[in-house]
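Per Swiss-Prot, the features are:
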- Ser121: active site, charge relay system (ACT_SITE)
- Asp174: active site, charge relay system (ACT_SITE)
- His206: active site, charge relay system (ACT_SITE)
Amino acid sequence: MIKTILKNSYIQKEITTHSATVIFSHGLGDSGAGWIEVMEEIQSRNNGHIRFICPNAPIQAVTLNGGFKMPSWYDIKSLSSRGDEDPAQVDESKNIIETIIKHEMEEEKIPAERIIIGGFSQGAALSLYTFYSQTETKLGGCIALSGYLPLATKFVANSLNKEQPLLMIHGDCDQVVRHQWGKLSFDHLKSQGINGEFITLKGLGHHSSPEEIDLMTKFISKTLPK
């Protein structure tokens with residue numbers, strides 16, 4: 001399974017000494033290729049010891065887009081509400097991320113606390129769910145860009161990662177994943193005792209920006225120092 005997952009992932013291999021890993025998941029309809037240049041930019045800022053892995057989501061039907069098949073971590077039925085995600089599909093995609101984590105720990109000998117998971121939009125949602133579902137693996141941290149917590153109405157953070165750092169960034173002009181959804185998800189997690197920061201970027205829509213990349217870089221460099 002891991003060979004197939006890694007074969008279908010974009011991996012930055014030009015590193016000095018591999019002592020840390022960032023696993024970053026793309027949004028709906030995108031691919032890992034859409035983020036590898038951003039990861040290379042972050043790596044170039046004195047983060048040559050970090051390997052960046054950008055996995056590709058499975059191709060599956062998305063109700064929101066009339067059943068059209070596209071890269072998707074799980075089905076999305078509507079943009080009007082949250083919490084109607086398919087638990088089985090969310091868990092299947094969580095298993096993909098967990099398989100990569102296990103590979104980095106066992107084959108690359110990277111300690112769990114030297115691994116950050118993160119993503120954009122649906123990939124951010126998957127990362128939040130995966131991060132706070134861990135009961136045996138204490139990771140380094142989590143990054144969620146323009147994201148939200150899936151299955152939020154049923155989700156309870158029962159995780160070793162409650163004390164680990166979370167960075168959530170959301171634009172206040174996001175018309176796809178509303179800013180309020182991200183903030184509500186953060187508040188829900190915060191009420192359960194997680195250690196995190198929510199940053200609002202003025203004028204930012206449903207995309208990234210140089211300011212956001214700067215914030216990501218600082219978080220990654222601080223969490224995964226040489």
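Positions of Cβ are set from backbone N, Cα and C atoms, glycine also.
Across the structure, Ser121 (active site, charge relay system) and Asp174 (active site, charge relay system) place their CA atoms 11 angstrom apart.
Within 10 Å of the C-beta of Ser121 (active site, charge relay system) we count 24 further C-beta atoms, all protein chains included. Asp174 (active site, charge relay system) is 5 Å away from His206 (active site, charge relay system) when you measure Cα to Cα. Around Asp174 (active site, charge relay system), taking its Cβ as the centre, 19 other Cβ atoms fall within 10 Å, counting all chains. His206 (active site, charge relay system) falls outside any helix or strand according to DSSP and counts as coil.
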